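Notes follow the structure.
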Amino acid sequence: AAEPDVPQLPGATLGIVFGAACTLSHMGAVLRKAVQSLPPHQTEVFQAVLEQLQWFAGQQIRNVAAVGGNIMTASPISDLNPVFMAAGCKLTLMDKDGSREVLMDDSFFTGYRKTAVEPQEILLSIHIPYSQKSQFISAFKQSPRREDDISIVTAAMSVTFSPGTDVVKDLRLSFGGMAPVTVLARRTADRLLGRQWGEELLQEACSLLAEEMSLDPSAPGGMVSYRRTLTLSLFYKFYLRVLQKLRLQVCLMDVQEVSSECLSATEVYRPETPSSVQVYQAVPEGQSLGDVVGRPIMHLSALKQATGEAMYCDDVPLYENELYLALITSTKAHARILSVDAAAAERSPGVVCCLFASDVPGSNITGMRQDETVFVTCVGHIVGAVVADTQLHAQRAAKAVKIQYEELEPVVTIQEAIVAQSFYKPIRTIQCGDLEAGFKQIHIGGQEHFYLETNVTLAVPREDGEMELFISSQSPSDSQVTGKSRLCSKGPGEDGRRVWRQRKVVSFRLKRPVRCMLDRDEDMLITGGRHPFYGKYKVGFLQTGKVVALDVTFYSNAGNSMDLSQRALFHMENSYSIPNVHGQGFICRTNLPSNTAFRGFGGPQGLMVAEAWITDVAHCLGRSAEEVRRLNLYLEGESTPYNQILHGVTLDRCWDECLSRSEYERRRAAADLFNRQNRWTKRGLAVVPTKFGIAFTATFLNQAGALVHIYRDGSVLLTHGGTEMGQGLHTKMVQVASRVLGIPCARIYVSETSTNTVANTSPTAASASSDLNGAAVLNACQTLLKRLEPYRTQNPKGSWEDWVMAAYLDRVNLSANGFYRTPDLGYDFDTNSGRVFNYYSYGVACSEVEIDCLTGTHKNLSTTIVMDVGHSLNPAIDVGQVEGGFMQGLGLFTLEELHYSPRGVLLTRGPGSYKIPAFGDIPTQLTVSLLRDAPNDKAIFASKAVGEPPLFLASSVFYAIKDAVRAARAESGMTGPFRLDSPASAERIRTACCDRFTKLCPPAQPGTFSPWSVRV
């Protein structure tokens, strides 16, 4: 690049010339130096480019990505191309005969991913001009996530005024995301030439843009009404910024002044430095230093995870003669397979065989409810497999298989399932009290597991027909059909069962090891995630805010098998005591991949509906939602709708501490003042409780086993039935064994979960793993201690090693099995009686957010969480679980969105289109406090479960957003309850903030077009 203080390249006297191969990082460094050294009026273009670069991918990408590549890819949602077009940048093209210069305008991009560059030409350089004294430029980017994300709409706008006036001399409005190419709004710009920069120009510009920036209702990417509204909202931001600059820089005092309440719309976002506080109770005075229970010791795998040394399934070294398996999957959601032609695949290089349903010996049925076939016909489900010598050969051959279908009409969405009455049986109902009494609704989207390692299986044949399986699963016993199964150190989810079976069949048939690891897009296509939910409710309440009756109906999109995650009915009242309740749940059978267990098992969806109706009650009464929530909280000894009496209720303590630590009253007063002073930026707060039942609702799963060996040298090997997947389960089990045996953690080793050491394990799920496996470890260790007791008595001053050796020499068994079953559990839906849960975990969160009413973006300002985890086994791990669960819930309720086509094809496959929370989504101030002095007599060492309960507390961010939207709607004269579906994406926030801009871009009428995606 040519910098101002170095010899200039030809043509660089009016700007800076960058070679096409110049990296974006270097370009940014040069432009920043220019901004510092040149007069401000010359650097408007440079500052616009720098603003876009700040949010362009990550630093690593900017270090290698070239500006020429960005231009030539001709992406319609490019961050930089709109700036280059609005600024009138010039490109130098070259071929063997010479060079030519072209203006980067709306004739440069000739079609989707096409440019005016001839096939024989290359892009040599780009000339970025200095701005003029009377020229102002701004750039904007709107994306689902602020950091490292592709755009929904990008814009750059440049206006040049006649010297000393506010009369428009030149106007260029460039947009990305509004057509297959980056476009200039020429008709709008031309109509505004010669006009004064004022309210009249603004109104006409918005009307013209709404007409010119039209989109087909079926346009790829969807969000059509939102994208059109963004063009107006971003122009309005530009309009205000220019008004400011005309007064401040050009000193035109007769120009309209930007009112103080609109100033926030002109601000450029700058991330703040985050801070966090963790509060936990110290161990009791007098606790031995060697007793590590209750102490915040480091996760045993932390260093390995951080350094990359941790071994995952696919890190298992290659076996000799190992083969690779690739899946053949259906491209139709509902169809009959007429024929499968694998001839081309079988002739492909390296292919050993193709496998189809007829090759599977025995039953072809699998699944949690034995209602899934291994080979099915819905998009992404398995039709067959190709086995080859390498992954590349197997995947290429799989694509060569030709399948002919007779396509049938699919059922994709919950609404379609309701119309078709496509439900699984039984339809569950819980009712207590009497209800007589239309319905309001909320839709809660699904969620992808997005685990670090995708589903992996390695099948290794052994002697006598034995098969050893290395699988990434939380449920090894379910995966064990024959032979033994060994689990690697990470369990991505419950949905790998449809994947591992093919490997085993092939390995058994060929007598060779077979491996398969799904690519991310395959994994997302084939496996299910959290169930989307649709909730309908009506509520009876008194003028005081006390809720006296609830009628709620849940519909969950199960996909093509029943599977799991049906706890919503047990959480339909959340933390609120309601005397009369009727709840009904429908499991919708659709032509989507089967959805499955995901942190919360349907509980968060039921809780979310509860918070929707409690918020509506508050809005109807004109009361604070927090006041209505507090009034209806459960008290000690009250009964749930499923007739379980509550004991050890700490909701009131959690609530009061949360309000105190968060300084809620001060924050509420400050937010109300902020909202009165700002029209286009609003703040909202919400305090949300959670009550989460701990136990498997399938009673037989509430059991666990453990195996503990003591070796002659005093070292201990511990194995239990739980899977370590980063949650710290192994660490806690070592702490339990350390306390019971009275030896240091360093003497205890953990063997990974395997069905040949602990049989019949329950899945590592339902937040019960520490309770169940901890009690089993306790049982085994107590057995061993009892065997060692005579030798401790004989030699009280001896060491652990002395007692172990003495027992060994006396031929005492130093191995012990441990077992535990949760007592007094069992529930009957027919009689609505029994004990569903062993106990409850409670928590309360207070969150504050700030929304941009013009774009729908939001900032998470602060969150304070108070969580009852009993007497924590390990505060460091428990705080980490609270923080991690909260962030996963934040993704569920505000960001992560799965898009399906009307024909059931998943459109969001991979991190490019599916967004999980980034660092910038963490609340700027995050406080986590573990409730003090709250022992739990129902679990190991008075602790409580912590895996799933904190996730729902992230809904406090969702309802804080809704609170802020309510303030925005009040500006337009709209009051009372309103619907906001989850996740609260930028699109939904912007649409809910109804104003004059949204009214200019109404959505097309349903049924008049085929949408790009549907809400499933």
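From the backbone N, Cα and C atoms, a Cβ is placed for every residue, glycine too.
Pulled from TrEMBL, these are the features on record:
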ACT_SITE  Glu948  active site, proton acceptor
BINDING   Phe56, Asp79, Leu123, Lys141  FAD binding site
BINDING   Gln474, Arg599, Ala766  Mo-molybdopterin binding site
BINDING   Arg567, Phe601, Thr697  substrate binding site
COMPBIAS  472-483  compositional bias 'Polar residues'
DOMAIN    1-133  domain 'FAD-binding PCMH-type'
REGION    472-495  region 'Disordered'
Select the most exposed residue of Phe56, Phe601, where exposure means the fewest other Cβ atoms within 10 Å, treating these as the binding-site residues.
Phe56
Within 10 Å of each Cβ, count the other Cβ atoms, then let me know which of the binding-site residues Leu123, Ala766 comes out lowest.
Leu123
Need one number for the FAD-binding residues Phe56, Asp79, Leu123, Lys141: the maximum pairwise CA distance in Å, whole number please.
25
Other CB atoms, at most 10 A from the CB of Glu948 (active site, proton acceptor):
27
Using the structure shown, find which entry in Asp79, Lys141, Arg567, Arg599, Thr697 (the binding-site residues) has the sparsest Cβ neighbourhood within 10 Å.
Thr697
Treating G and I as helix alongside H, and B as strand alongside E, what does DSSP give for the domain 'FAD-binding PCMH-type' (1-133) in helix, strand and coil?
50 helix, 32 strand, 51 coil
Limited to the domain 'FAD-binding PCMH-type' (1-133), I'd like the whole-number average of pLDDT.
90
What subset of the recorded positions Phe56, Asp79, Lys141, Ala766, Glu948 lies within 10 angstroms of Phe601 (substrate binding site) at the C-alpha level?
Ala766, Glu948
Cα distance, Glu948 (active site, proton acceptor) to Arg599 (Mo-molybdopterin binding site), nearest Å?
5
Ala766 (Mo-molybdopterin binding site) to the residue listed as 'active site, proton acceptor' - Cα separation in whole Å:
7
Nearest by CA distance to Thr697 (substrate binding site): which of the recorded positions is it, out of Phe56, Asp79, Lys141, Gln474, Glu948?
Glu948
Give me the CA-CA distance between Lys141 (FAD binding site) and Glu948 (active site, proton acceptor), in Å, as a whole number.
35
Given Leu123 (FAD binding site) and Arg567 (substrate binding site), what distance in Å do their CA atoms have, once rounded to a whole number?
59
Compared by Cα position, which of the recorded positions Gln474, Arg567, Glu948 is the closest one to Asp79 (FAD binding site)?
Glu948
Residue among recorded positions Phe56, Gln474, Glu948 with Cα closest to the Cα of Arg567 (substrate binding site):
Glu948
